[in-house]
Amino acid sequence: MANGADRLDLDGKPIKPMTICMIGAGGFIGSHLCEKLMTETPHKVLALDVYNDKIKHLLEPDTVQWAGRIQFHRINIKHDSRLEGLIKMADLTINLAAICTPADYNTRPLDTIYSNFIDALPVVKYCSENNKRLIHFSTCEVYGKTIGSFLPKDHPLRQDPEFYVLKEDISPCIFGSIEKQRWSYACAKQLIERLVYAEGAENGLEFTIVRPFNWIGPRMDFIPGIDGPSEGVPRVLACFSNNLLRREPLKLVDGGESQRTFIYIKDAIEAVLLMIENPERANGHIFNVGNPNNEVTVRQLAEMMTEVYAKVSGETAIESPTIDVSSKEFYGEGYDDSDKRIPDMTIINRQLGWNPKTSLWDLLESTLTYQHTTYAEAIKKATSKPVAS
């Protein structure tokens, strides 16, 4: 751990140790952020979540150098009177809690809206009323569809970055019809962003809003039937990983034509740490955090993951590595999607001097090595069990 006195912010000022209330600390992003804070900073973390499986390695040993700097509080923020007290104890609150799995957006729209808007309201309220700084995690989905997606497919302007690159302070938020309940998540996230922004404008709340663009890496989501429900449908990286581990074809929804950018979780966490430790540069800003250099179609992602997994596992790919399925078949009625999600990086580069570093191949190799090491044997055991007669 670096000594607090030795650490300077981007303007050369000493970084003072702080206490951080992290809501959703036991999830994918939270676990990596907790690791970063424990190993590289003197800050304390009040880790709030329902589960702590992904941060147990930070909590159990009493002899580690950060013993006493991280406390786990088992809390469901929907109904727990301790929440305001924990926010009061901290200098900064980071809210990571959310339902953020596309398979849930149109099959569990009420839970999605409540989780991402209603349940977040007290967090914003307590931070504002107690003059506590807030870093709120939103999503790139608030942008919805690109302007270019409404042009004919062969229209030359579809290739103009002005029609598809997403800018925090300029790009409109364009959603589908109400019947397309897939947008329940994006709409709830946009509304809580507007509330946070309004609290800043009217009541002086110090805030930063983060819009992640497909952060991927170890510990993302779950593998169905191993450390998650058998019928569960995780996000694309874990979904494809599950198929590869089970030697099943990777399912490409609507042909896998949607384009996405992917960023390594460790790169993204570097950006978040800069926001935490440079409040004068981060307050009042919305930041895209993604890697525009790692743009691929979902089909290309599947092909690359198949190739990388063959390398890390030593197994040859199956004869038909992908299969096309309709969005209705995969996600159910009411699904819709955005064609491209390419972040503009101007604001985060100007304010924090941050740029992502890890190539798509390297981040997939690191992540799939973890997936294979962690899950391959468990899946073999699960699939080799005799069926009861």
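Residue numbering: from 1, along the chain as shown.
Cβ coordinates come from backbone N, Cα and C, glycine included.
Noted in Swiss-Prot for the protein shown:
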BINDING   Phe28, Ile29, Asp49, Asn76, Ile77, Leu96, Tyr185, Lys189, Trp215, Arg235  NAD(+) binding site
BINDING   Tyr105, Thr139, Glu141, Arg182, Tyr185, Asn214, Lys251, Val253, Arg260, Tyr331, Tyr335, Asp337, Arg341  UDP-alpha-D-glucuronate binding site
ACT_SITE  Tyr185  active site, proton acceptor
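Taking the Cβ of Lys251 (UDP-alpha-D-glucuronate binding site) as reference, residues of its chain lying under 8 Å away and at least six apart in sequence are, in sequence order, Cys239, Asn243, Thr322, Ile323, Asp324, Val325, Phe330.
Rounded to a whole number, the distance between the Cα atoms of Arg260 (UDP-alpha-D-glucuronate binding site) and Trp215 (NAD(+) binding site) is 11 Å. Cβ-based neighbour count (10 Å, all protein chains) for Phe28 (NAD(+) binding site) stands at 22. Around Arg260 (UDP-alpha-D-glucuronate binding site), a 10 Å sphere centred on its CB holds 20 further CB atoms from the protein chains shown. Tyr185 (NAD(+) binding site) and Arg341 (UDP-alpha-D-glucuronate binding site) are 16 Å apart (CA-CA, integer value). Each residue contributes its Cα atom, and for Phe28 (NAD(+) binding site) and Glu141 (UDP-alpha-D-glucuronate binding site) those atoms are 18 Å apart. Each residue contributes its Cα atom, and for Tyr105 (UDP-alpha-D-glucuronate binding site) and Ile77 (NAD(+) binding site) these two points are 20 Å apart. Here the C-alpha separation of Asp49 (NAD(+) binding site) and Glu141 (UDP-alpha-D-glucuronate binding site) works out to 24 Å. Taking only the Cα positions, the spacing between Tyr335 (UDP-alpha-D-glucuronate binding site) and Ile77 (NAD(+) binding site) is 28 angstrom.
If you take the C-beta of Glu141 (UDP-alpha-D-glucuronate binding site) and look for same-chain residues 6 or more apart in sequence within under 8 angstroms, you find Tyr185, Ala186, Lys189, Ser338. Site extent for NAD(+): among the recorded binding residues Phe28, Ile29, Asp49, Asn76, Ile77, Leu96, Tyr185, Lys189, Trp215, Arg235, the largest C-alpha separation is 24 Å. Around Ile77 (NAD(+) binding site), the C-beta neighbours below 8 angstroms that are at least 6 residues distant in the chain are Ile23, Leu48, Leu83, Ala97, Asp119, Pro122, Val123. The number of other Cβ atoms within 10 Å of the Cβ belonging to Tyr105 (UDP-alpha-D-glucuronate binding site), over all protein chains shown, comes to 29. Binding of UDP-alpha-D-glucuronate is attributed in the record to Tyr105, Thr139, Glu141, Arg182, Tyr185, Asn214, Lys251, Val253, Arg260, Tyr331, Tyr335, Asp337, Arg341, and the widest Cα separation among these residues amounts to 24 Å. For Tyr335 (UDP-alpha-D-glucuronate binding site), other Cβ atoms within 10 Å of its Cβ number 23.
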